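Engineer: The repeat 'PPR 1' annotation in Swiss-Prot covers 80-114. The repeat 'PPR 2' feature in Swiss-Prot is assigned to 115-149. If you look up Swiss-Prot, you'll see 150-184 marked as repeat 'PPR 3'. The repeat 'PPR 4' annotation in Swiss-Prot covers 185-219. If you look up Swiss-Prot, you'll see 220-254 marked as repeat 'PPR 5'. Feature annotation from Swiss-Prot assigns repeat 'PPR 7' to 290-324. Marked as repeat 'PPR 8' by Swiss-Prot: 325-359. Residues or ranges marked as repeat 'PPR 9' in Swiss-Prot: 360-394. Among the features that Swiss-Prot reports, repeat 'PPR 10' is placed at 395-429. Annotated repeat 'PPR 12' per Swiss-Prot: 465-499, in sequence order. Taken from Swiss-Prot, the feature repeat 'PPR 13' covers 500-534. As annotated by Swiss-Prot, repeat 'PPR 14' applies to 535-569. Sequence annotations record features per position, and here Swiss-Prot assigns transit peptide to 1-22.
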Amino acid sequence: MRRLFAISSTGNRFVHRSLLGKGKCGTAPPSFSHCSFWVRDFSGVRYDYRKISINRLNDLKLDDAVNLFGDMVKSRPFPSIVEFSKLLSAIAKMNKFDLVISLGEQMQNLGISHNLYTYSILINCFCRRSQLSLALAVLAKMMKLGYEPDIVTLNSLLNGFCHGNRISDAVSLVGQMVEMGYQPDSFTFNTLIHGLFRHNRASEAVALVDRMVVKGCQPDLVTYGIVVNGLCKRGDIDLALSLLKKMEQGKIEPGVVIYNTIIDALCNYKNVNDALNLFTEMDNKGIRPNVVTYNSLIRCLCNYGRWSDASRLLSDMIERKINPNVVTFSALIDAFVKEGKLVEAEKLYDEMIKRSIDPDIFTYSSLINGFCMHDRLDEAKHMFELMISKDCFPNVVTYNTLIKGFCKAKRVDEGMELFREMSQRGLVGNTVTYTTLIHGFFQARECDNAQIVFKQMVSDGVLPDIMTYSILLDGLCNNGKVETALVVFEYLQRSKMEPDIYTYNIMIEGMCKAGKVEDGWDLFCSLSLKGVKPNVVTYTTMMSGFCRKGLKEEADALFREMKEEGPLPDSGTYNTLIRAHLRDGDKAASAELIREMRSCRFVGDASTIGLVTNMLHDGRLDKSFLKMLS
């Protein structure tokens, strides 16, 4: 196999003294013919490399740069290595690192010797490709040839260590650089600080800022920006704020980016008032906020339901000629939709269009959700079709929103059509998609179709969650398929998924309504053993089951237990027992329960009042009962 650089077994003293030896410098890197770019002939504009300035090189397109390289290697004599260095540097700035490596190999094969600068470019490219062992091999080769790496080369290697999860080696490299007489610059320190934050070594990163000063390298705006960003991501906002004061004391103006970072962090950690105060502070200091500043604050205010404050900020930024963007409008539209203020959301959408700001998927999805919430399904569908016509393609969340809207409106067949359309577009439905459809079919009394969707969900490899199972069990029980529900419930109990009290309530109610009161009671009694605490619905459901079976004494006993040990009875509990005693002709117990219910500030519900009214007509009750309930 061909080799790009032959490495001597002795190497250079620098390589052997440093951690660079960890990169297996004793092994030459293989040929890079596997790289994804090759020099090809292009029929583009022809360039004379002798007449191209550095500025023009930076303006070259990739195809033209490769074409120019082809012309250079055909020239005799070859252009100087300086000309090749300029071209390789320009291509590296396009982030075409594989191509630079491939061209470097071709230069060597043609006998064009590399110099310090081209070696440095190649090392940087290998580091950017996360091929540290090859970068170290090139470094060893250049040092064997007598080239001492400069600070730029070592910074490239340092960056490679930081991004290659070798942060300890990066720290050691900086220490060895100092020992060997190299003066780390701000890029060195900034790279290492960023790397330390990436590897959760924040205290070392902050301490390094003070070390910079000791080493005669003043932290710059970039340094502080990296540290502030790292601290804010960790939630160390107080430390970030103290660093802000330190900057001002050091006569370094923080700038809008650093303020934005802290304001956004304060918003994320729900310190909205502190964020607004910092916003005022930066404004008073003459640091002009930008659209990013406003977006953070508007989003946060919307999350807190402070619509008027958010709207005022929008007006303020427009007055100051700071143009809101799609993020600004989308945040406000989504917030207004969630608050039920669809008219305001539509006005913002119209304003957005008037300003020639194209809505994104988030904007469209929010409005579709709003239309669905207000049962304006035709408009929701129109908005859905509009976004597709604008080449803004819906994602799973958008589809789920519209499917839910159709299912809620008992138009489940249209929801199913959307589900099929999803598949045709290559989108895979998630747990929410399938659960929504299952619920929709049950609401439409299409029990068989609901079960078919559940089976398809399982066969498609989409895992049902506890909500899916609860909806399935509830639908089966309500459609008289309790035996099927029991089979599903038994499977659920054997699985690793833990049913919640909502699921247990469904099964207890289903059993009781199907006449399996004893089974319902057994399940009720087993809850404490399972570590599940019955709630007021559980107790009321079980009492209702007892009453339906004529077991009034058991219902009363459970009611007493509930008042002593369980959750406090609610209106539903009292009304259930009142009706049971009235049907049984026990007027005294009914009257006592009504008085107790009224003392708890509950009133009779429609079913109880209806029963009392009918019994009044039949002469089985006097009007005093109706007065007690009123």
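Cβ from N, Cα, C; glycine included.
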Engineer: Other than its close neighbours in sequence, what residues sit by the repeat 'PPR 10' (395-429), given a CB gap under 8 Å and a spacing of at least six beyond its ends?
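Structural biologist: Contacts of the repeat 'PPR 10' (395-429) (Cβ under 8 Å, skipping residues fewer than 6 from its ends): 361, 364-365, 368-369, 371-373, 375, 377, 380-381, 384, 387, 436-437, 439-441, 443-444, 446, 449, 460, 462.
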Engineer: Can you check how the pLDDT averages out over the repeat 'PPR 12' (465-499)?
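Structural biologist: Here the predicted model's pLDDT, averaged over the repeat 'PPR 12' (465-499), is 95.
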Engineer: State the non-local partners of the repeat 'PPR 4' (185-219) in its own chain: residues 6+ outside its ends, Cβ under 8 Å from one of its Cβ atoms.
Structural biologist: 151, 154-155, 158-159, 161-163, 165, 167, 170-171, 174, 177-178, 226-227, 229-231, 233-234, 236, 239, 250, 252
Engineer: Quick test of the contact rule: Cβ under 8 Å, at least six residues beyond the ends. What residues does that give for the repeat 'PPR 14' (535-569)?
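Structural biologist: Residues 501, 504-505, 508-509, 511-513, 515, 517, 520-521, 524, 527, 576-577, 579-581, 584, 586, 600.
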Engineer: Write out how many residues of the repeat 'PPR 3' (150-184) are helix, how many strand and how many coil, based on DSSP.
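Structural biologist: Its residues divide into 26 helix, 0 strand, 9 coil.
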